[in-house]
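Chemist: First the structure, which I've put down as structure tokens, then a few questions once you've had a look.
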Amino acid sequence: MLVPDMAGWRRERLPELPEKAYFELAPDWACEVLSPSTASLDRGDKRKVYGTFEVKHLWFVDPEARTLEVFELETKGYRLVEVYSNDARVRAVPFDAVEIELGALWAR
């Protein structure tokens, strides 16, 4: 079983929450918060599994590097769309209608 740190589904694909305590439908978006102990797993095996199950959008948030890496699934695998860093104000797919202030993620 694979569980992303955060995930999201388009309403067209998941109009109602399932009654089960888990989801059987792969998400449209997954986000992994990287740490020294999980980064290689997140960037390696988990990324491959997300691609196999056609998770269209994948984000890696690295609190130590203060970066957000945004990927989009294409025929040959994930393509890096953009890397945002520090206190940037971001409009990143699939949430490009909303501005995200990265500085708020790094605040302690």
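Each Cβ is built from the backbone N, Cα and C atoms, and glycine gets one as well.
Sequence annotations record features per position, and here TrEMBL assigns domain 'Putative restriction endonuclease' to 3-92.
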Chemist: If I take every residue in the domain 'Putative restriction endonuclease' (3-92) and average their pLDDT values, what number comes out?
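Modeler: In the predicted model, the domain 'Putative restriction endonuclease' (3-92) has a mean pLDDT of 93.
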Chemist: When the domain 'Putative restriction endonuclease' (3-92) is classified with DSSP, how many of its residues are helical, how many are strand and how many are coil?
Modeler: 14 helix, 33 strand, 43 coil
